[in-house]
Amino acid sequence: MTGARPCAAEERRSRERRSCGGAAAEAAAGGMDGARGAGRALAALLLAASVLSAALLAPGGSPEHGAEAAPPRADLDKKRHVELKMDQALLLIHNELHGTNLTVYWNSERCYHCSFQVLVNVSWSGKPGKASTAAVAVSTQHGSILQLNDTVEEKEVCRLEYKFGEFGNYSLLVKHVHNGVNEIACDVVVNKNPIDSNLPVCVAFLIGVAIIIAVSFLRFLLSLDDFHNWISKAINSRETDRLINSELGSPSRADSLGGDTQPGGWCPPASPPRLRCVDTFRGIALILMVFVNYGGGKYWYFKHSSWNGLTVADLVFPWFVFIMGSSIFLSMTSILQRGCSKLKLMGKIGWRSFLLICIGMFIVNPNYCLGPLSWDKVRIPGVLQRLGVTYFVVAVLELIFAKPVPESCASERSCFSLRDIIFSWPQWLFILMLEGIWLGLTFFLPVPGCPTGYLGPGGIGDLGKYPNCTGGAAGYIDRLLLGDDHIYQHPSSAVLYHTEVAYDPEGILGTINSIVMAFLGVQAGKILLYYKDQTKDILIRFTAWCCFLGLISIALTKISENEGFIPINKNLWSISYVTTLSSFAFFILLILYPIVDVKGLWTGTPFFYPGMNSILVYVGHEVFENYFPFQWKLGDNQSHKEHLTQNIVASALWVLIAYILYKKKVFWKI
């Protein structure tokens, strides 16, 4: 089906893959007529938003072109003209120092303890009173650190920090200052103002706010009796026909896809009471994942961090793992209550894990443009592979120690305030043992040529002392057990830290902490089920877990990106990364549960729909990434706004597809 994908698919292998947790199908789709009317209006609003985004962010008269094509200063030789790309600015370095050749070094402020890299050499012009000039492109994503040295004496002349703007034109004047003291001044002058590259994001945000207001206003109108009756009369005939067809028509198409029905007499599908906040949370993470996977407008904060720290893209995968854990407990409890044996459920768990791993192997190894894929180059780890392993371990752990969920016991003395934790002490003991293994291997495993307990990126980090130590023990274990050719070849650390060794962010050691994160999601599921109909108790426990995990993160990181005991790191899946993202997840559930499930102030639209069909949306967005209408040829490939328009439209289309499938009761489960 995907053999004809264009060669851009090969380029896609250089981007990390994110995933989503398992989806659950919901066959019942009913509710008030007003809610159905608002749902139908969603499709029109999404299409309108896409068209409006395209209109407001469309190419034509783009200031980027003017900045990129801006001619250099008169004294700049045409051969030295620099063609700017996205997130770059033009810097003209004027050397007015008599008899001195300069070497300009550059570093990013986000590159922690990095050695300086040579940017350009600026020789003396050879003529007194005339400056020599060199033109160079500098990055505008983060602040730059420039150091100018005397080329011959290797002595620092000056050093400065500056945040350049995209497609701006700047001059760096290096000259003597005659103020009685022989000093050298390095001054930055703006020749042409940069563009506001974040403006398209602001426009898109305003469009999103407008959609929220429009949907809220529509729901308000539908809540009015007069307006509701008028709408009902207008659509009564069509609605009646639809209901008759749905009652007398063929069985649900979900059955044709298999649903939860499995061969070999496996257990009947679970029918747990739907918690829309869980599906909504999954949908939020899923659509955010689609957006960042499609490029996120090529903004740095929609890409993964080079090493330590957090960006928007770093939030997606852990939240899927967390929600997967919640879904594991909710669905497993329902299946066991229906009388399914643990042995049959064990087979179902193993089958689903196997399918996740197989689908993951298919997705992370697209080799359509290079002919048949060689087994010597197959990447083994991946997002779905890690989800499959994590799902298997956590589900089996819960199955082995499964206990009947106590009924509502608000008035029973036998009910403990911490029963959701106390009843799970064997599982917690196992999880703590796993975390002890991660800590032991990370900080005490000897790695040849690297300091024990190294957590750095290697490359030019740590002043270039450990160039081949990327990831420390985590990278070493993957290279030792899997081999260099079977792990990710283009890690995000290569962007800033210029690492040259392979490193897989979905490697073996990090899987331990993904299991820990999934189990924290199980804990959230237990809170929702153990204390059902006790909203206050649920919110108190969500708040407590949010604060507790947040305090652990503060202690581990010292509220610092790089100076903590264990920094937040997505590539390593450090324990501080897990506690921080789990704290965020509990906070989101703290907001969503009362709004969506208790008060009904929000139905979860539109995120609820992709959350109900997450596997289909995830696999579909990966397979059809390079196909129209999810991607098309841009007028200006160096324009943030064109990329942003394309990615917003593609994400909105997957929401629309999920909505249509939901209405037709088409769900894909594994």
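Cβ atoms here come from the backbone N, Cα and C positions, even for glycine.
Per TrEMBL, these features apply:
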REGION    1-21  region 'Disordered'
COMPBIAS  8-19  compositional bias 'Basic and acidic residues'
TRANSMEM  203-222  transmembrane segment
DOMAIN    274-397  domain 'Heparan-alpha-glucosaminide N-acetyltransferase catalytic'
TRANSMEM  280-296  transmembrane segment
TRANSMEM  316-337  transmembrane segment
TRANSMEM  349-368  transmembrane segment
TRANSMEM  388-406  transmembrane segment
TRANSMEM  427-447  transmembrane segment
TRANSMEM  508-531  transmembrane segment
TRANSMEM  538-560  transmembrane segment
TRANSMEM  572-595  transmembrane segment
TRANSMEM  607-624  transmembrane segment
TRANSMEM  644-662  transmembrane segment
- request: Using a Cβ cut-off of under 8 Å, list the residues of the same chain at least 6 residues beyond the transmembrane segment (388-406) that approach it.
  value: 22, 321, 324-325, 328-329, 332-333, 336-337, 342, 345-346, 349-350, 352-357, 360, 415, 419, 423-424, 426-427, 430, 511, 514-515, 518-519, 522, 529-530
Query: Near the transmembrane segment (538-560), which residues from the same chain, at least 6 beyond its ends, have a CB less than 8 A from one of its CBs?
result: 420, 520, 523-524, 527-528, 531, 566-568, 575-576, 579-580, 582-583, 586-587, 589-590, 593-594
- request: Find the member of 316-337, 572-595, 607-624, 644-662 that has more C-beta pairs under 8 Å to the transmembrane segment (508-531) than any other listed stretch.
  value: 316-337
- request: Work out, from DSSP, the number of helix, strand and coil residues along the domain 'Heparan-alpha-glucosaminide N-acetyltransferase catalytic' (274-397).
  value: 91 helix, 1 strand, 32 coil
